[in-house]
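What TrEMBL says about this one:
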| type | residues | note |
| --- | --- | --- |
| TRANSMEM | A:20-40 | transmembrane segment |
| TRANSMEM | A:47-80 | transmembrane segment |
| TRANSMEM | A:92-114 | transmembrane segment |
| TRANSMEM | A:121-139 | transmembrane segment |
| TRANSMEM | A:173-191 | transmembrane segment |
| TRANSMEM | A:221-243 | transmembrane segment |
| TRANSMEM | A:255-271 | transmembrane segment |
| TRANSMEM | A:278-296 | transmembrane segment |
| TRANSMEM | A:308-332 | transmembrane segment |
Amino acid sequence: MATALPLDLARPRRTGAAGILLLLALAYGLVPLLGTGYLFEAILTPFLALALAGLGLNLLTGYAGLLSLGSAAFMAVGAYAAFNLSLRLPGLPLPATILLAGLVAAAVGAVAGLPALRLRGFYLAVSTLAVQFFVAWALNRIGWLSNDSPSGIVAAPRLEVAGLSFDDARGRYLFSLTVVAVLTFLAWRLVRSPTGRNLVAIRDHETAARIVGVKVARTKLLAFALSSFIVGIAGVLWAFAYLRTVEPAGFNLDRSFQILFIVIIGGLGTLRGAFLGAGFIVVLPLVLSRLGAAALGDGFDSGTLEMVQRIVLGALIVAVLIREPAGLAALLDRALNHALRRVRPRS
Amino acid sequence: MSGLPHRAAPFGRPAPSRPLVPDAAAPRRRARASQDRILTVEGLSLGFGGAVAFAGIDLAVAAGEIHAIIGPNGAGKSSLINAISGLYAPQAGRVRIGEASFARVPAGRLAALGVARTFQNLALFKSLNVVENILSGLAGARRAGLAAHVLGLPAARREAAEHRTRAEAVIDLLQLGAFRARAAGSLPYGLQKRVELARALVAKPRLLLLDEPMAGMSAAEKAEMSGFILAARETFGTAIVLIEHDIGVVMRLSDTITVLDHGRRIATGTPTEIQANPAVIAAYLGADDEEDETEGEVKAA
């Protein structure tokens, strides 16, 4: 797991930059032109929210090596914070609401990270599990958080920035895309900064990190705060742009595990891994249901799909952990390097 | 001690190739040492449960001095280094680094105190590449904040450029240029040892603690590493505390040698003095040859 390279200096930087620009051009140019409502609503918007959550968790688990099972709790904190901010401060522009919601999630994350100063690995994971259950309990018990809605389910506010409405399917996709692109850029800057190096240093050898002057306790709490900031904003996107309601059930333990699987399958300690893993998790059920329907016809109902999906996912995670601990990101890199080697000598 | 007749090297190795320091130089060296002493260890004792790692250790290291700590396995050498660098909490005694005096050295402040170290078993950040490992040696020297670095503000960019220059200087000094972008964990053992030295040196420490920097190396690699250690002292004026088993290497590199045996300091002196010291000879003969163990103990007593 620790063999993932955060900065791959071996790969020419220009190729990477060109690839990202191409992806952005496709995402902003071609996809909105050609995409259907179904593509935006059922695939791309949840993909972006989950990828962002995976990105946030990867900072904590992949880079700093601190295992968390509380991602959905931080998503919930972000979503409910944004809901309350827009409800109680009606004049607040949406970007400010999202930023503040992220900061609330970061604060909760830093507190949740306190056990990390003493606990590691399995024990730390259990303490983050406590956060997961505590947040779910608080959202059910404290009515004020959901504006005293009896079910705890509340409608998300409309997506509007400076008079521009992003309320249709395409708009919500573009809104999510922009938030994800900005945060991914900042995360990229972060992992390349000395702080990013410190995160990996703590993961690889905590004692040596302390000796060279890394402030270990502060850096661990910072990792929790930064990770929760991003995961919290992913929660805002999940609720506001994808579900369009804010409800505790959307942020249960299953979601936490889903995000952890995204990071493991995609590749621990890489930014692109979160996107690859999220893409995989979103597309897998669709592929399975098509395959199942083709093979079994009407016998393949949603219950069977759910079950098959869990089995396939579980098997894949075991396979990834054994065969390719660095995840889809490493597979992609190898394929790209292979392709580049074929192209380069001739050019 | 200097009154003892000079004996042939008892360690089964050729005499030191370096010209021996005449005794007349010794007082001068000591005078300098008392003026700018970088490390003073006074009566330091450490035990684990009932087992004594070392007891009542005194040690003085002057600026720019290479001070070797030798002794048989289990003599307490690594434990002493770990106590000096704050990884172990000694039960008695004090450690003075520069002007600051500690009952327990705070490991997290070591870099700020101008102390760097390497580990007996490699302690690299194995998924970071060589440059990043070396840059991480400057973690304690960082001033620009996270936001400045993420946003690429001028202060952060200046700092990054300055750190990069310092890392490149160490890369040149230790001839690591060809491995810059390699993940540290993928390098052969000898190179990893060298990267760890580079990570320790980049902060230009006043005091460098090297715990067996040449363990498991071939003769050629040891000669190379010895050259790097001398070059490091030359370039940065760093005082070095060195644990090493190869007595030939120790004799060539050291200004002063302290000998530990069973957690006690049995001798301190110049290489010449140590070679002639009967207690040292006894300890080594006793430890090297099990059949002579009782005889060695008798001699030491």
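Backbone N, Cα and C define each Cβ position, glycine as well.
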Result, the transmembrane segment (A:20-40) in contact with the transmembrane segment (A:47-80) (3+ CB pairs under 8 Å): no
Which of A:92-114, A:121-139, A:173-191, A:255-271 contacts the transmembrane segment (A:221-243) most, counting Cβ pairs under 8 Å: A:92-114
Within-chain partners of the transmembrane segment (A:20-40) [C-beta distance under 8 Å, separation at least 6 from its ends]: 169-170, 172-174, 177, 181
Winner by Cβ pairs under 8 Å against the transmembrane segment (A:173-191), considering only A:92-114, A:255-271, A:278-296: A:255-271
